[in-house]
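Undergrad: My questions all concern the structure below.
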Amino acid sequence: MLSRVSVFKPASRGFSVLSSLKITEHTSAKHTEKPEHAPKCQNLSDAQAAFLDRVIRVDQAGELGADYIYAGQYFVLAHRYPHLKPVLKHIWDQEIHHHNTFNNLQLKRRVRPSLLTPLWKAGAFAMGAGTALISPEAAMACTEAVETVIGGHYNGQLRNLANQFNLERTDGTKGPSEEIKSLTSTIQQFRDDELEHLDTAIKHDSYMAVPYTVITEGIKTICRVAIWSAERI
């Protein structure tokens with residue numbers, strides 16, 4: 001997830017697309033030539049393009065929020081509870097990487113960021129630091145709640161990407177474009193990371209937080225409202 005300037009201002013993220021070359025060797029060398037041009041997909045409809053913009057806008061806002069939540073937790077807990085420092089750092093580093101990735105996707109597609117970005121920064125840091133000040137278990141309950149909602153959010157996006165982007169290609173076949181494949185792969189990986197964070201929170205006694213239900217259900221509600229708002233504003 002990369003470098004950071006300070007815990008108050010988490011860093012932005014990077015994104016790369018790799019291609020691979022498979023070489024097969026036989027007793028007598030044979031070379032398979034690649035076609036000069038891969039089949040092109042039809043242009044996205046206005047609705048499909050708008051959906052992608054919403055995906056990138058809300059995911060960038062969400063990962064920014066997660067970056068700041070874990071910055072707040074790390075700031076409060078890392079020195080008070082040294083045994084939690086590597087756990088928190090691992091989670092935060094992954095969120096920094098997620099944040100950087102969607103920052104770059106946002107720039108690449110020229111997607112307008114959420115107008116509520118200053119609110120996401122302040123609110124997320126306050127949520128992370130505030131729950132950490134209550135107790136380590138409350139911080140883990142915060143993580144459990146956030147990652148439960150985000151995991152479900154990413155699953156919904158993956159279903160829509162699978163169902164709405166079966167595009168016609170110039171060679172007569174159908175399927176997602178390389179851009180959609182790449183975005184799908186990114187979201188799948190990030191979804192898995194978030195669920196790993198959820199498991200980590202449970203292993204570190206999130207259920208021992210007091211008051212557990214108030215913290216988790218309150219934060220889940222805040223996250224759902226934030227997702228709805230970031231998609232639209």
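Please read every residue number as a count from 1 along the shown chain.
From the backbone N, Cα and C atoms, a Cβ is placed for every residue, glycine too.
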Undergrad: Among Glu178, Glu179, Glu194, Glu196, which residue does Swiss-Prot annotate as binding Fe cation 1 together with Glu63, Glu95, His98?
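TA: When Swiss-Prot describes the Fe cation 1 site, the candidate it includes is Glu194.
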Undergrad: Swiss-Prot has Glu95, Glu194, His197 down as binding Fe cation 2; which of Glu144, Glu147 does it also list for that site?
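TA: Answer per Swiss-Prot: Glu147.
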Undergrad: What residue among Ser12, Ser16, Ser20 has an entry for phosphoserine in Swiss-Prot?
TA: Ser20
Undergrad: Labelled phosphothreonine in Swiss-Prot - which residue from Thr32, Thr170 would that be?
TA: Thr32
Undergrad: Here are some residues: Ser28, Ser177. Which is flagged as phosphoserine in Swiss-Prot?
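TA: Annotated as phosphoserine in Swiss-Prot: Ser28.
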Undergrad: Across all the protein chains here, work out how many other Cβ atoms are within 10 Å of the Cβ of His197 (Fe cation 2 binding site).
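TA: Other Cβ atoms within 10 Å of His197 (Fe cation 2 binding site): 24.
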Undergrad: Which residues does Glu194 (Fe cation 1 binding site) neighbour through Cβ under 8 Å, counting only same-chain ones at least six apart?
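TA: Long-range Cβ contacts: Glu147, Ile150, Gly151, Tyr154.
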Undergrad: Quick check: with Glu95, Glu147, Glu194, His197 left out, which same-chain residues have Cβ atoms within 8 Å of the centroid of the Fe cation 2 site Cβ atoms?
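TA: Close Cβ neighbours, site residues excluded: Ala66, Ile91, Gln94, Thr143, Val146, Ile150, Gly151, Asp193, Leu195, Glu196, Leu198.
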Undergrad: Counting every protein chain present, what is the number of Cβ atoms, excluding its own, within 10 Å of the Cβ of Glu95 (Fe cation 1 binding site)?
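TA: Glu95 (Fe cation 1 binding site): 27 neighbouring Cβ atoms within 10 Å.
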Undergrad: Quick one: which residues besides Glu63, Glu95, His98, Glu194 have a Cβ within 8 Å of the Fe cation 1 site's Cβ centroid, in sequence order?
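TA: My list of surrounding residues reads Gly62, Ala66, Asp67, Gln94, His97, His99, Ile150, Phe190, Asp193.
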